[in-house]
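Contents: one structure, followed by commentary.
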Amino acid sequence: MNKSQGSVSFTDVTVDFTQEEWEQLDPSQRILYMDVMLENYSNLLSVEVWKADDQMERDHRNPDEQARQFLILKNQTPIEERGDLFGKALNLNTDFVSLRQVPYKYDLYEKTLKYNSDLLNSNRSYAGKQTDECNEFGKALLYLKQEKTHSGVEYSEYNKSGKALSHKAAIFKHQKIKNLVQPFICTYCDKAFSFKSLLISHKRIHTGEKPYECNVCKKTFSHKANLIKHQRIHTGEKPFECPECGKAFTHQSNLIVHQRAHMEKKPYECSECGKTFAQKFELTTHQRIHTGERPYECNECAKTFFKKSNLIIHQKIHTGEKRYECSECGKSFIQNSQLIIHMRTHTGEKPYECTECGKTFSQRSTLRLHLRIHTGEKPYECSECGKAFSRKSRLSVHQRVHIGEKP
């Protein structure tokens with residue numbers, strides 16, 4: 001590509017966060033950011049290295065020596081001992097240290113290099129720049145490949161070009177970029193994605209495509225992961241084992257629910273019903289069931305709640321907000337927990353097991369109702385005749401007899 005066509009700089013493929021914004025990202029978002037950024041840099045480098053090589057030949061320099069100078073980190077072993085990184089496109093899987101093995105902070109630069117790309121931004125346009133600028137990028141790149149701090153290299157070595165790397169605040173640029181690079185746009189709803197594979201999966205919500213079929217019952221799925229989960233129903237496979245008691249489960253979520261029984265200590269006991277809780281505030285909230293206290297009121301409809309979280313969830317009914325969308329059928333929900341329960345209709349997952357008969361259920365509430373068969377509990381009593389029922393719905397049906405309404 002000649003210069004008249006324009007060149008792509010590292011800045012063009014860079015997304016930066018302020019320190020405050022970075023601290024708000026959770027670990028999975030940070031890893032995704034690094035996945036995107038390192039892929040961008042490696043792709044750009046694979047193109048720009050050749051441009052640099054052509055430039056060196058035009059300048060009658062020694063290409064091998066220039067390449068060596070570009071990629072060698074000062075005071076480290078020669079590039080020949082590190083493998084042939086020059087002369088081929090860098091491979092994200094082999095030429096960079098695994099992102100999940102790199103800590104979120106390096107000791108370098110007063111522990112402020114939090115996966116930010118400012119080390120690379122000093123090279124505004126790679127092609128045609130001086131060798132020392134190339135070396136600066138090479139140093140930063142190889143630093144990622146090392147799994148330890150280069151204690152033999154002074155801080156000043158990284159600041160030769162006088163770029164904004166000399167103090168802590170300069171590590172984070174003042175851009176207000178809120179989202180990661182998302183170049184793949186859905187033509188149906190304009191939702192954006194970082195990777196093409198995610199866009200392809202998402203489009204199945206609109207097209208209804210379900211390319212993954214169970215070879216036992218012929219049920220189809222839009223995602224392979226859901227098919228794999230579903231097939232465990234047929235195979236009986238239980239890959240998730242509790243390290244405490246050895247009990248195995250079909251799905252990881254089943255194991256997580258089970259492990260709570262081992263992990264939780266519940267020293268706070270309700271004097272009314274004997275139920276125990278891990279924290280005192282949970283007991284206080286629970287006791288409102290017995291006292292009837294409902295301190296949280298909806299300003300739209302005046303409905304009251306004994307938990308603030310229940311009020312917040314309820315208010316979404318008025319706003320119409322449904323943030324959680326099913327990737328299988330596109331149905332959306334107010335709460336993430338509702339989506340999780342709904343997804344089990346697609347996967348067939350039933351994480352709640354009856355300890356009496358082994359029957360499994362997709363919802364905890366359904367298990368509770370089922371347990372009354374074994375315990376004989378009938379908490380719903382007719383005020384007219386005293387007959388008791390295990391379920392409120394059955395009491396409602398029964399009461400129609402007294403008022404003359406046909407069930």
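Backbone N, Cα and C atoms are what each Cβ position is placed from, and that goes for glycine too.
Of the candidates Lys114, Lys275, Lys316, Lys331, Swiss-Prot records SUMO2 cross-link for Lys114; the remaining residues carry no such annotation there, which does not rule it out for them. Checking the ranges 127-149, 380-402 against Swiss-Prot, the zinc finger annotation falls on 380-402. Of the residues Lys74, Lys111, Lys307, Swiss-Prot records the annotation SUMO2 cross-link for Lys74. Checked against Swiss-Prot, the range among 30-52, 352-374 recorded as zinc finger is 352-374. Taking residue pairs at least 6 apart in sequence, the zinc finger (324-346) and the zinc finger (184-206) share three or more C-beta contacts under 8 angstroms.
Within the same chain, residues 229, 232-233, 340, 347, 349, 351-353 sit at least 6 positions outside the zinc finger (240-262) and bring their C-beta atoms closer than 8 Å to a C-beta of that stretch.
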